[in-house]
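**Student:** From TrEMBL, here are the annotated features:
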| type | residues | note |
| --- | --- | --- |
| DOMAIN | 146-401 | domain 'AB hydrolase-1' |
| ACT_SITE | S226 | active site, charge relay system |
| ACT_SITE | D364 | active site, charge relay system |
| ACT_SITE | H395 | active site, charge relay system |
Amino acid sequence: VCLAGACGNCLLAHHASIKMNAMLETPELPAVFDGVKLAAVAAVLYVIVRCLNLKSPTAPPDLYFQDSGLSRFLLKSCPLLTKEYIPPLIWGKSGHIQTALYGKMGRVRSPHPYGHRKFITMSDGATSTFDLFEPLAEHCVGDDITMVICPGIANHSEKQYIRTFVDYAQKNGYRCAVLNHLGALPNIELTSPRMFTYGCTWEFGAMVNYIKKTYPLTQLVVVGFSLGGNIVCKYLGETQANQEKVLCCVSVCQGYSALRAQETFMQWDQCRRFYNFLMADNMKKIILSHRQALFGDHVKKPQSLEDTDLSRLYTATSLMQIDDNVMRKFHGYNSLKEYYEEESCMRYLHRIYVPLMLVNAADDPLVHESLLTIPKSLSEKRENVMFVLPLHGGHLGFFEGSVLFPEPLTWMDKLVVEYANAICQWERNKSQCSDTEQVEADLE
């Protein structure tokens, strides 16, 4: 019995010892868990800081230009060129978020400017359309000035970023003509087996000629966004006559050379391959919405465009595949290389003699930094060219705001109008100087 009792006491003592040890160890467990939580929070914060690029500074845009009377006048007349561009604090330093917001919603609280839609029948039977918006105020120099605007890929006058820009330009005294890319408007049917391509200038040229004929006293400010920037620069460089009555040109967020860009668009760096897939998917939807006009049995298709190209279109996952199987064949190019070489503005930029402002963002996920050597090199050789490169802005984003919510008007909208105003004033001053010199010569 004594032995049994002793064993029982030993057992009780053992349990008590275990409980005591557990009590002594318990305070250490929360410390371990708190450490894990802190590490997890730190890791999340690190990812957020990296993804949102919060440590990136704000600064004025980098400017590349030749020292000249024009450049000095622009620096004095365009404060935005020398001021910091300050994007929204929380997310504005991320080129991906700026690009995603532009792509998803365009702009916030976008206005609805009132315009008239014009239709032009092209020589091949295609029906080109553009929207015309009259100025809402007198221009700062009192002249009749028309902005001829070419939107980005598959875009048109009803896009929110275009509406926001047009409304602001109207209020600054500009008439605006906005091209609707052939096939981009869902309610306008194609009337020939052709739609817009990367560098076809036919529709833009038809719109410009209409404006020149209808408003013989007007002067032109040419503006292109993304793909539209390629089209307007190519148009101006194609022939000297296209630069008549043009005061200046502004190109925003274009890539300059499709041939050089195609390799970077297939890379996963900066998620370009993913953006490529999204844009290709959108292009497929647009092309297939015009299936009957482009591939129908009754349609007189280009000889190189075959029914098998439609089946290849369904499986395409990149813009290059779509361009190779469909787009280049609208104009009879023999290869994708030939198509990209001929349709890119790179080989036409040196033929532009009017003041030219090229704008890109350093964090644009669609335009690889290697492509920016093209405008940098051009600005080093030509006095009429200024290249503007802000740190942030993404692709056609350039939102401004204090902390979280962006303003309706972007830095890009204000810069384009400010630059156009400065050029108009520059031309007015030149004209007045010429008149004064002429009067003095007559008096002598």
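Placed from the backbone N, Cα and C atoms, the Cβ positions cover glycine too.
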**Student:** List the Cα distance (Å, whole number) between D364 (active site, charge relay system) and S226 (active site, charge relay system).
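**Tutor:** Taking the Cα atoms only, D364 (active site, charge relay system) lies 11 Å from S226 (active site, charge relay system).
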**Student:** Over the span of the domain 'AB hydrolase-1' (146-401), how high is the average pLDDT in this prediction?
**Tutor:** 94
**Student:** I'd like the Cβ neighbour count for S226 (active site, charge relay system), meaning other Cβ atoms within 10 Å of its Cβ, all protein chains included.
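**Tutor:** Here the count is 23.
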**Student:** Rounded to a whole angstrom, what is the C-alpha distance between S226 (active site, charge relay system) and H395 (active site, charge relay system)?
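**Tutor:** One finds 8 Å between the Cα atoms of these residues.
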